[in-house]
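Working notes for the structure below.
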Amino acid sequence: MATIEPASGGSGSAEEATNASDADFKPWSAEQAREWRAAHPPMSPWPVVGWQAVAGLAVVLVALVWSGGMTAVTYSAAYGVLAAWVPAVLFARMVARRMRRQASPHGALMALMVGEGIKVALTVALLLAAPKILAQVHWLALLAGFVVTIKAAWVALWLKSAKRRSARTE
């Protein structure tokens, strides 16, 4: 069996790699840091939540037309959308509040992790409660509403990054 040798001539330890990258490190001046912050403003979570709402509404409208009215399919699709969207709104509020406070990086990361945990727990609770809340559950429609709403967040982030890239090239 062939082995792959490390790129460096030394032992290839993590310490060597760290020391090599430390030699290239140059701290920024206050002006450079301000310029970077101006070029990379923090992203608000609200546009992402808005895209999720639009995508969820589209799923509910498709379910409404496809099922021919307010049926179990439509209610299930709407519930799936809400099971994804309501926790996202609460998470966005937590993130936005933390962004306004300008907390320490450690505190911001902790808030992000706690917020994500709450979001996941609430999502699971809403999905588990579906049979008790809905008279009749159409699981495929519920799952479609849920998945499309969740994926809309990724589309919103992708559109935002594409917009930033095009603004930089102009």
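Glycine too: its Cβ is placed from the backbone N, Cα and C atoms.
According to TrEMBL, the feature region 'Disordered' maps to 1-24.
Sequence annotations record features per position, and here TrEMBL assigns transmembrane segment to 46-66 (among others).
For 72-96 (among others), the entry in TrEMBL reads transmembrane segment.
Taken from TrEMBL, the feature transmembrane segment applies to 108-130 (among others). Below 8 angstroms of C-beta separation, residues 76, 79, 82-84, 86-88, 90-91, 94-95, 98, 137, 142, 146 of the same chain, each at least six residues beyond the ends of the transmembrane segment (108-130), sit close to that stretch.
Nonlocal intrachain contacts for the transmembrane segment (136-159), taken as residues 6+ away from its ends with a CB within less than 8 angstroms of a stretch CB, comprise 47-48, 50-52, 54-56, 58-60, 63, 67, 72-81, 83-85, 88, 127, 130. Residues annotated as transmembrane segment in TrEMBL: 136-159 (among others).
Panel annotation: around the transmembrane segment (46-66), residues 73-74, 76-78, 80-82, 84-85, 88-89, 92, 96, 141, 144-145, 148-153, 155-157, 159-160 of the same chain, lying at least six beyond its termini, place a Cβ under 8 Å from a Cβ of the stretch. Here the transmembrane segment (72-96) has long-range neighbours at 44-46, 48-49, 52-53, 56-57, 59-60, 62-64, 66, 111-112, 114-116, 118-120, 122-123, 126-127, 130, 133-139, 141-150, 153, meaning same-chain residues at least 6 beyond its ends whose C-beta is under 8 angstroms from one of its own.
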